[in-house]
Every structure is written in structure tokens, then in C-alpha cells.
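Engineer: Have a look at this one.
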Amino acid sequence: MSRLAGLFVQLRDAGRAALIPFMTAGDPSLTATVPLMHALVAAGADAIELGMPFSDPMADGPSIQRASERALARGVKLRMVLEWVREFRTTNSHTPVILMGYLNPVEAMGITSFAEAAATAGVDGVILVDLTPEEGRGEAVVLRQRGIDPIFLLAPTSGPERVATVRSMGSGFVYYVSLRGITGAAQADWAEVLERVQHLHRQLGLPVAIGFGIRDAATVARVATGADAVVVGSALVDQLAACATDQEAIAAAIRFVEPLAQAVRSTERRGA
């Protein structure tokens, strides 16, 4: 059983959602990435989404765009991101790591080379925001052949055909975008989102993670009543961006994530 599958089985038995914080590789510094990953786990993260910096992150709001720009200005490349995952794995063999980014850098490396390097490094899942399931069948097969889950996005506007395609192509979990817009946007109608996710559960047969617009423990607790996982991105990236040193960033990450982790652990998921 894969790390991601094992995590969701474990948390289903525990009756709670997973907390998955997002951070951009190489931000706020090159030396901070691996220590921050360990800090997130220590603070209560169940899995980590690690952003692969890209020059045109069209689905990301200003916070993550700026983080990508800072990381790229420091010279971050895709192979460096994979090396950081490999380094993380030398002392953590249990926490799932999901890479999130865009297709262009992966295509530049070559999907087969990328999948092989990612599998060797210890990556568990890959989300390519601009790769639709209809266009990503080949990439999904290559990833799955190497034990990596291809994770696709669904949105409030996704129709039955897209849902069916994701059901047949995706694995690991499905990332449900709670807002029509970019990451970091203000507020969703959470009752509507959770109703939609409940409907998707019946259709997909895969865990559903909810992301976009989740910034605090109260919202995490609300979303955790109906999601299999809660993703927090821009709010954490903002905290890290304000730090002048690696130690400040580590302390800020722990301070920010601990109450979010407490929120998922104290919230019973309906239907768990």
C-alpha cells in the first residue's frame, strides 16, 4: 500500500481529515526547505504539498506567485526540488510528499525522466495544475507505473464528464478547488462546498482534499467535517515570506500549523 493510501485508511479509521500544508520549494531560502518540511511534520502535518516553482503560475494568487519568483531568482530548478525530497526521505519515510506545479518544467525534463527521478527521491503524488485529465492520460500512466499518484483537480464548474475522467485517470486523492479563481482568494460558501464534496465522494471512490481560501483554524475545522484532507497554502506562504532567517521561518511554520493540526484532530469527519 502506498504512503498516501495508507494515510487515508489510517485517518478514515480515526474519523478525521488530513492536514496538508503547502510550501514553495526554495522559499524563503534554499537552506530552509528541508528543515521546514520536518517542522511541518513536527507541527502536525499529515502530508506535505511542495510547490515546484514556475515562472507563470496562472492558477496561483499573489502570495504563491511571489514565492515562486523568489525561489526562481535563487536559482531553484526542478532537480533541486527532487533532491530536497530525497534529503527529507533520509530521516522521514512515512509522511507523504505531493509535488504541485505546472507541466512546462516537467515536459522540459521529460515525463519519464521526471517520474523516475521523483520515484527515486520518494515523491508520492504529483499535481500538475495545467494538465487536464483528458490531456494527461499518458503522463498519468507513466507516473502510476512508477508508484506515483497522478492527482487531478476538480472545481465547482466541473461537469459529469470531467468527474468521470478524473475517476478513471486519477489516484491518491482528488483536489477540489473550493473557489472559482486563484489561490489565496477570500472566502467560499463552505456549506455549498461541503455539499458538493459529499456528492463527489459518492461518484469518485477516491479521497477528496479541499483547497483554496483556507486560512485559519476555524475554517480548517469547518472544512474537516466533510473533506478527507484540508490544504492550506497561501496563508502559510505569507507567514514564511515575512521571515528574515531560516530559524524564524521554522518557528513561524510551527506556530502557524499547530492550531490547524489541532483543528483537524478535534473535528470528527461526517461519514468517516
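Placement of Cβ uses the backbone N, Cα and C atoms for every residue, glycine included.
Checked Swiss-Prot, it gives:
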ACT_SITE  GLU49  active site, proton acceptor
ACT_SITE  ASP60  active site, proton acceptor
Engineer: By a 10 A CB contact count over all chains shown, which of the active-site residues listed here is most packed: GLU49, ASP60?
Structural biologist: GLU49
Engineer: For the C-alpha pair, I'd like the distance in angstrom between GLU49 (active site, proton acceptor) and ASP60 (active site, proton acceptor), rounded off.
Structural biologist: 14
Engineer: Is GLU49 (active site, proton acceptor) helix, strand or coil when read with DSSP?
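Structural biologist: Reduced to three states, the DSSP call for GLU49 (active site, proton acceptor) is strand.
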